[in-house]
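Everything below concerns the one structure shown next.
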Amino acid sequence: MSLWVFSVVCLVLSYQLTGSSAEQCGWQAGGDLGDLGDLGDLGDLGDLGSIIPRSQYDQMFKHRKDCTSKGFYSYDAFISAAKSYPAFATTGDTATRKREVAAFLAQTSHETTGGSATAPDGPYAWGYCFLKEINPRSSYCAPGYPCPKQYYGRGPIQLTWNYNYQKCGRAIGADLINNPDLLTTNAVISFKSAFWFWMTPQSPKPSCHNVITGRWQPSAADLSAGRVPGYGVITNIINGKLECGHGKDSRVDNRIGYYKRYCNILGVGYGNNLDCYRQKSFGNGLLLESM
């Protein structure tokens, strides 16, 4: 092991021991230190580009430049934003890492989908088509939080509500309360908002990351509510109040369709429990609005 590699590994271990994340330190210092989270060049410690190379990303999103978003959600922005969350797609074996990438891209594809049953190449080739919510029904301003702008759905995860913009902005080091349109003008910040949601547990909901990597263990209450480990719980986390617990739902099916296509491209199995048809919703927590 070279001296340089030894020094970098020591730095990584020091971050783990302190329990502080790069994005938290960046916010407290008044700036974004997200790039310090780049572990992608350390070989076995995690290289997102080896899990999903540019060619496969382009295959997944072959029509993203034909949509309203005009190619805004680029591969480079995706890779750059992920550096702020070094546990993303670096947890578990290769199959687990691939499933996490497939699950993240599938859920965010559904939120921004421009596909239909008759679309060229099928409905699941049209992810990342929209930057923001179409015809927002309100300004999404909850009392008790600043509301100088409108906080309708924006970005890959379609972040909504002023309190979510405030929490997310603080975590990633961006003033989203005063500048919510950063999620539609800066692709790296836009992806960071989605990674923030993906990696952040909001009680009683686990993080999407912990579910897809097998770290979440359902409680007795979860099991009695039908919430068992699998991709379906992630749908429940994101939009369970509207989509889960009442039988077959076309929105759930759309999320699964994207997931299966991306797993096929990445060459990995789907895992079990893909739907949430019979799962009770987690209830309130971090609230998002689905398109």
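Going from the start of the chain as shown, residues are counted 1 onward.
The backbone N, Cα and C atoms fix where each Cβ goes, glycine too.
Positions annotated as signal peptide by TrEMBL: 1-22.
Secondary structure at C129 (disulfide bond), as computed by DSSP, is coil. Just so you know, the Cβ of C129 (disulfide bond) picks up 22 other Cβ atoms within 10 Å once every protein chain is counted. Per TrEMBL, disulfide bond is recorded for C67-C129 (among others).
For 67-89 (among others), the entry in TrEMBL reads domain 'Glycoside hydrolase family 19 catalytic'. Mapped onto DSSP classes, the domain 'Glycoside hydrolase family 19 catalytic' (67-89) shows 8 helix, 0 strand, 15 coil.
According to TrEMBL, the active site, proton donor annotation covers E111.
Residues annotated as disulfide bond in TrEMBL: C141-C147 (among others). Its Cβ taken as reference, C147 (disulfide bond) is surrounded by 18 other Cβ atoms within 10 Å in the chains shown.
For the domain 'Glycoside hydrolase family 19 catalytic' (189-199), the model gives a mean pLDDT of 99. Feature annotation from TrEMBL assigns domain 'Glycoside hydrolase family 19 catalytic' to 189-199 (among others).
In sequence order, R227, G232, V233, T235, N236, G240, E243, C244, G245, V252 make up the list of same-chain residues 6 or more apart from C276 (disulfide bond) whose Cβ falls under 8 Å from its Cβ. Taken from TrEMBL, the feature disulfide bond covers C244-C276 (among others).
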C129 (disulfide bond) and E111 (active site, proton donor), compared by Cα position, are separated in whole Å by 9
Drop a 10 Å sphere on every Cβ of the disulfide-bonded residues C67, C141, C244 and tell me which sphere holds the fewest other Cβ atoms.
-> C141
CA pair C147 (disulfide bond) / C67 (disulfide bond), Å rounded to integer, equals 30
Alpha-carbon spacing, C67 (disulfide bond) to E111 (active site, proton donor), which is rounded to whole Å = 14
